[in-house]
């Protein structure tokens, strides 16, 4: 019961954080210098028509009232209307958000699989040339820019080798699931780079710690093979840390995804927000900030739940 209660408390704690995020997102648009309506429509409409547009968007009301109208629109009217397209904000953002989610999940898979594998190899061969080589690669990779790394991947694997597509989410006319996977490879690897190497370092430390423990030496003295110990006991012991570090790195990965979307022309929410900033479409910018914040908070909650679930003491408490 206490386990479920802790989950409930963490879920409720999301609400005040979202309130703060919503206030900041609203003020970002409301206090930005210049009139967004005039910037968008001054050349096409008369002053009277501009006043009507301001009334439509609630921009003629006091600031505090504008905030509550905007919050109401978030829940009841699809996030309000886009200034540039005149359609509900979430009708614009949600399809792009799904595309970003696809890329983010692919990045998490790359991070988990390769980060764990790299860390295991370095930990198993601790203090050998393999460990030193792996850590050198990790050190160099940790200092690379995601944006620059994406350009290198495009240059090598798309333009020179022509093994994978240059960018986008699908080929002309569409190509099904296999085509999507081909378009996912380079952006997913690029987005996962930093988080993958961070995870590899933690996994390496965890493997070194476990193989130096008394239980490991005792089992080895009993003739149990290293493959069995690493594959069953060591991996199980460090799994909560792997999940926890991955959850903490989600924020870094999402930030990387936004840059990757620009490099690879991936039609995600990052690309849409850049277009909204260029077009001074503040309702889309505000809605996008809230949507991304909600996603990040939910991911952290799920990570906490999984980590606690993997810990018998927390699960049974």
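Positions of Cβ are set from backbone N, Cα and C atoms, glycine also.
Listed features, source TrEMBL:
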type     : residues : note
DOMAIN   : 97-303   : domain 'ABC transmembrane type-1'
TRANSMEM : 12-31    : transmembrane segment
TRANSMEM : 97-121   : transmembrane segment
TRANSMEM : 133-160  : transmembrane segment
TRANSMEM : 180-203  : transmembrane segment
TRANSMEM : 242-264  : transmembrane segment
TRANSMEM : 284-307  : transmembrane segment
So, do the transmembrane segment (180-203) and the transmembrane segment (97-121) meet, by the test of 3 or more Cβ pairs under 8 Å (sequence gap 6 or more)? yes
Have the transmembrane segment (284-307) and the transmembrane segment (12-31) got at least three CB pairs under 8 Å, pairs 6 or more apart in sequence? yes
With the transmembrane segment (97-121) as the reference, find which of 12-31, 133-160, 242-264 contributes the most Cβ pairs under 8 Å. 242-264
